[in-house]
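*Asks:* I am attaching a structure below and will ask some questions about it afterwards.
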Amino acid sequence: MENRSFSEYLHPEDRGKIVAAFQKAMSNKNAPSSTFRMPDSDGNVHWIENYPHFQSDENGNSRGLIGVLRDVTKHKAVEDELKKYQNRLEELVELRTSELKASNEKLKLEITERKRAEEALKEKERHISSLFDVAPIGIGFSYDRKIMDANEEAYRILGYSKDFVIGKDTRMYYPSDEHYREVGKVIEAVIRERKTHTIETQLVNKDGKIIDVSLKLALLDTEDPSRGIIYTLQDITELKQYEKAIREKEAKIRSAFLATPVGIGVVWDRVFRDVNDNMCDLVGYSSEEIIGTNTRFLYPNNDEYYRIGALLQGMIRIKEPLKTQGRWIRKDGKEINVAFTFALVDPQDPPAGITFTVEDITEKLLAEEKICNLTQFQQTVIENADIWLNVLNEKAEVVIWNNAAEKISGYSREEIIGSDRIWELLYPEEEYRKEIFAEAKAILEQGKRVAGLETTIIRKDGEERIISWNSRNLVNEKREVIGSIAIGNDITQRKEAEKVQKTYFHFLQELIDAVPVPVFYKNKDGTYLGCNKAFENFIGIKKEDLVGKTVFDIAPEDLAIQYYEKDNELFENGGIQVYESSTESQTDGSIRRVMFNKSLFTDLNGDVAGLVGAIIDITDIKRNEETLRKYAEQLELSNEFKGIFTDILSHDILNHATVIDGYTCLLLAEEDEENKLAKLEKIENTNKKLIELIDCVAAFAKLESVTEIISEKVDLMKVLNDCISQFEYQAAQKNIQIVNENKGKFDTIANPMIEEVFTNLISNAVKYSPENENIEIAVKDLNENWKVTITDSGEGIGDNDKKMIFDRFKRAVGDCNIKGSGLGLAIVKRIVELHGGQVGVEDNPNGPGSVFWVTLKKA
């Protein structure tokens, strides 16, 4: 290299820059280091680091530069490769960030609706969860004939705890393989037909007792049978015993029913439910013609029908048997007089129905009528002395006024008999009095008969009473009208009860109208009986236009057929029916996606009388589900990008950082110049922090993707002692004692990764504690959990920082110059959460510093 200019050895692209730098260094008498390229004799380009030293004479004049040249080609190649990866990583991050920003912008408009949908779904889940927990019957889910979940009632029926039942094959609950196979066939039918099936079978509970049960089985998801079976479980052992006793009792009663020599029948709501042969002979109809028919067809007119109905209402109110007479028409058209004896089937439950006996007393009454013509006044007064009875003469003057009349009206015989003032006294309002007096005249002059005529009288004390009148004219032996007789029944209390009943029915309608969900109810023929306001608004049809119609009158044919088939399925199988369908508004023709929830209701005899249903509009939910599905796909794609980034970070970049660390260690071993050693140590420390950061990021990314861990029984004391031993040297360097005075075993269920939690917390305590202080470790018993506390004497953590130091890349603000990634405590929190525990930090109650704590479940 002698007699040649130094610039001739430089790479042509670097020559001008380096020569200018050397000239500037000579001028400024300063010689900074530089890096440039230099080809060797074979033409290979080397990267050279130059460490020049300025030379001057005794007068300070420049004598030139002395340079130390160092070939850093390999180091430069590594650095360039690292920079290339860094640039590529930045490009990838920028690309992914741009894509994510675009996606976020696209999703912003959907977030509000999604949140609403999520809240609605959560609310619905809470409702379903509440119904699941409080349901009076057993409910559960099974997969591959193993119970996966059930409510408390199901566990109670079986007699086992939830922990014992979950995951067990159901064979152990059946008394025989035959029972097990029989239910298995039903499950196969459910899967094959994708329909709900019900079966009655027997199970064995924990006590070994065989119980009768009713199982209702359905697919959890009809679109995906592999998801398992949902079932309801009802203990019907007592019901079976009760049914057997009822059948035996019914057989005895039936025998007596058929053998009794008088007509016997049972009615409910004025409809025949059963009759014996003597009843059929009496009226000339067969039992098939009578049973299920309203009793009205046997009465000659409405007045007679309603008169008997009024008497029955009175009987129901007082819950006492009733004997009365009436008129029926036989099938051959002949009108007969009959004597009834009515009694409640169950006096404690009047709606359960009425039983009666009936006899033909036509001939008997004819004989009595002959006697009555002889002594009409006396006989009438005797037979009716217990109710209001008054007799008028042809001038409408009172001639008979019995005790009951006195008691009910408040007027004595002396005030009334021989006078027509009764009309003014009982009916002081003129128009009303004229109306009532016209009825009385019609009885006298036209022979009109009155049954059940209701009037409102004013008693002597001013109190109003409602009286039901039966009245007819009186004739002598020549059939001449000589007056009239009236029998009055004080029905004030009954009317008040009817008013209360009407008020109650009105309240029930108001109550159902207050329900915000559309509700409807039908009879067993599928005819609408009523609905609430929400149903009117949702379907667009008024209740009065709905009642009496069927689904074929208000819905398109395809929907009507679906509704009809579903109703029949419910009537056939019973229980609760839930399914998705559509509805069409009568107002604007709009189609809405809905969920029907229907169940049956029964009559007083326990027979199915109809169904009641509720409609839940799920149109928006379905739309939001699709939105959530798309969002989930986008989220899955984002997770894939995160995985790629983590792989690049933990493999490619970490490999290069490891190479740098290796070369740095080699250089440190070979170098003895202090200035260079200091720089190499700085490189080494920086690279170690980079490796630590990469390890932490990779570890946290892996933990974030973990949802379940495999745990085993672990002694916390051993884990803590192992962790303490790892930091004895670092603690000794600062004269710190790590104190663990806990004795005995503290068993918990944990994964080996739990050691990372205490390693991190003890490491932080050693880092941040001043010299000559103690670090105290304690384990406390919190009933079902262990609480481990690690107390240091460092600066402590501000209240604002306590809320966020367990978040990733968040560190407490303070004067401490110790650096970190901000991921350690985030990793601690994630591991503890995977174990079902909690982590937190508090102030040291005994001075400066902090108390970090962790709770873990006991083994």
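Counting begins at 1 with the first residue displayed.
The backbone N, Cα and C atoms fix where each Cβ goes, glycine too.
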*Asks:* Coiled coil per TrEMBL: which of the ranges 162-189, 330-357, 666-693 is that?
*Replies:* 666-693
*Asks:* From the ranges 22-74, 75-127, pick the one that TrEMBL records as coiled coil.
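*Replies:* Residues 75-127 are the ones TrEMBL records as coiled coil.
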*Asks:* Among 275-304, 451-503, 508-574, 577-630, point out the range having the most Cβ pairs under 8 angstroms from the domain 'PAC' (197-248).
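*Replies:* Of the candidates 275-304, 451-503, 508-574, 577-630, 508-574 scores highest.
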*Asks:* For the domain 'PAC' (197-248), give the DSSP counts of helix residues, strand residues and coil residues.
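*Replies:* Taking the domain 'PAC' (197-248) as a whole: 15 helix, 25 strand, 12 coil.
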*Asks:* May I have the DSSP-based helix, strand and coil counts for the residues of the domain 'PAS' (508-574)?
*Replies:* 39 helix, 9 strand, 19 coil
*Asks:* Using a Cβ-Cβ cut-off of under 8 Å, list the residues of the same chain that are 6+ residues beyond the ends of the domain 'PAS' (275-304) and lie near it.
*Replies:* 257-258, 260-267, 326-332, 335-336, 338, 358-360, 451-452
